[in-house]
């Protein structure tokens, strides 16, 4: 078993009381759990623990519109995906002295620090004398040349720790000619051999654009991506999961499990829990598989079935009524953050409101409503008053409705309450309904990474280092065979262009890495669908408890990944 070695101080002693310079992290004031994680050994795939070589696969294509992707990436399109394989020839080029940069891009996800640690340790082991720069504050740090030189002492307090505060992240993009020029100047100034971009689909799209730009300018700087997002929507056959998803789902599942026990204890509340996931519903689906709630809404299914908001409300109300017949006046309902974006009629209403409010003032008499189509007017009148006001009053700087600020869980509580009141009047429901709302979001982004995420991220970083040393660019670090023991994991790089499609924006084709949505024919959804009726009417609640770092379930992997890999979870 190849294992990570702990970073040492110059005197050979562990940096247990070291403050990471300029960041404020003191390992000396960590909790016992945090300190135990600092020294947690990280096994590596066996291919990374012995001499290896990088082998090219066949030429790659694109996820969609290959002819357009080829035009947008003339230097990179078609390059092969690569694999690391053992090499006993003795020809492996070691101890190159490299200058490598790393940048965190986008929202936080547990495990990011271990990606950085993996890159650093690879350089320390295989490229002695190399320098690693951490760009501060995300892509803006690359453009402005703001960085810190990473050292063993600097990195040590962050090993196996949550957060992105080692160098911090940002949501800036390198996309205009001026911004590309700034990035070029930084790369030249630091004489960078490589740059690792740790981010989600947008960030890795930008990483590919940067790799194309550097190659077209004959810069030696190579660019490698690493797949990050708790939403779980950056994945493919070659990139089985994005890091952070495993940890975030386990954190949310613990909280949901606690709420379930509370619901059962009081016997009088329905808990409506909104979960992160602006686009795909992967987090909601995984948390359902881990906890067995009474109702779980999956945005992709709502869209596929063309369900209306009234349909969704009626479905929840039906479950509430049926449970009341069994004496259960409580329950737990999971809602994906992006639910509204999957309901076509809501999108139509928002589009009409944006158009009307761009030219008219909302009058108290409601004359403006006459400009809504009959279907949208009916939907608007169906919404709770608080949501109506939110749609009309809370606008972004462009005057558009701020959909992300709509508290879907509170909206559904009010709509279900109204529906149940109507059923009471008809004698179809005679119990009491009380709703409690929750949003579990930021709580999951910076937790201590699970054993899986800690190890997976370390391997991603180590793999990224190997790809850069091998002269590769425009790839995303890929670690596979994740259902097997760590030693049997595969390591390689997937062509970023192979993950891309195009969208038409402002009359031009723009490259995008396609988000991986919940597949209704996929194994995770099918397993959920086969169980949900039983979960709805009975109490099959599971409280998984906190993330375990030792013991029989410490290395357990999330259901979604195992089911997608063909392993029964």
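Including glycine, each Cβ sits where the backbone N, Cα and C put it.
Remember, predicted model here, so these are calculated numbers, not experimental data.
Mapped onto three states, the DSSP output places residue 107 (diphosphate binding site) in coil. The feature diphosphate binding site is assigned by Swiss-Prot to 107, with sequence analysis given as support.
The annotation Mg(2+) binding site is assigned in Swiss-Prot to 201. For residue 201 (Mg(2+) binding site), the same-chain residues that are 6 or more apart in sequence and have a Cβ closer than 8 Å to its Cβ are 229, 233, 234, 512, 513, 514, 515. When secondary structure is read from DSSP and collapsed to three states, residue 201 (Mg(2+) binding site) falls in the helix class.
In sequence order, 106, 173, 512, 513 make up the list of same-chain residues 6 or more apart from residue 202 (site 'Important for catalytic activity and substrate specificity') whose Cβ falls under 8 Å from its Cβ. The site 'Important for catalytic activity and substrate specificity' feature in Swiss-Prot is assigned to 202; the stated evidence is sequence analysis.
Per Swiss-Prot, the feature site 'Important for catalytic activity' maps to 228. In this structure, residue 228 (site 'Important for catalytic activity') is part of a beta strand by DSSP.
Feature annotation from Swiss-Prot assigns substrate binding site to 229, 230, 231, 268, 269, 276, 277, 278, 337, 442, 443, 444, 445. Taking a C-beta cut-off of under 8 angstroms and a sequence separation of 6 or more, residue 443 (substrate binding site) has the following same-chain neighbours: 251, 252, 255.
The active site, proton acceptor annotation in Swiss-Prot covers 231.
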Nearest of the binding-site residues to residue 228 (site 'Important for catalytic activity') by CA-CA distance, picking from 269, 277, 337, 445?
445
Would you please pick out, from the recorded positions 228, 445, the one with the fewest other Cβ atoms within 10 Å of its Cβ?
445
Which number gives the other C-beta atoms within 10 angstroms of the C-beta of residue 231 (substrate binding site), all protein chains shown included?
27
For residue 269 (substrate binding site): intrachain residues, at least 6 apart, with Cβ closer than 8 Å:
262, 263, 330, 434, 435, 436
Taking the Cα atoms as reference points, how far is residue 337 (substrate binding site) from residue 107 (diphosphate binding site) in Å?
15
Please identify, among the binding-site residues 231, 277, 445, the one with the smallest Cα-Cα distance to residue 107 (diphosphate binding site).
445
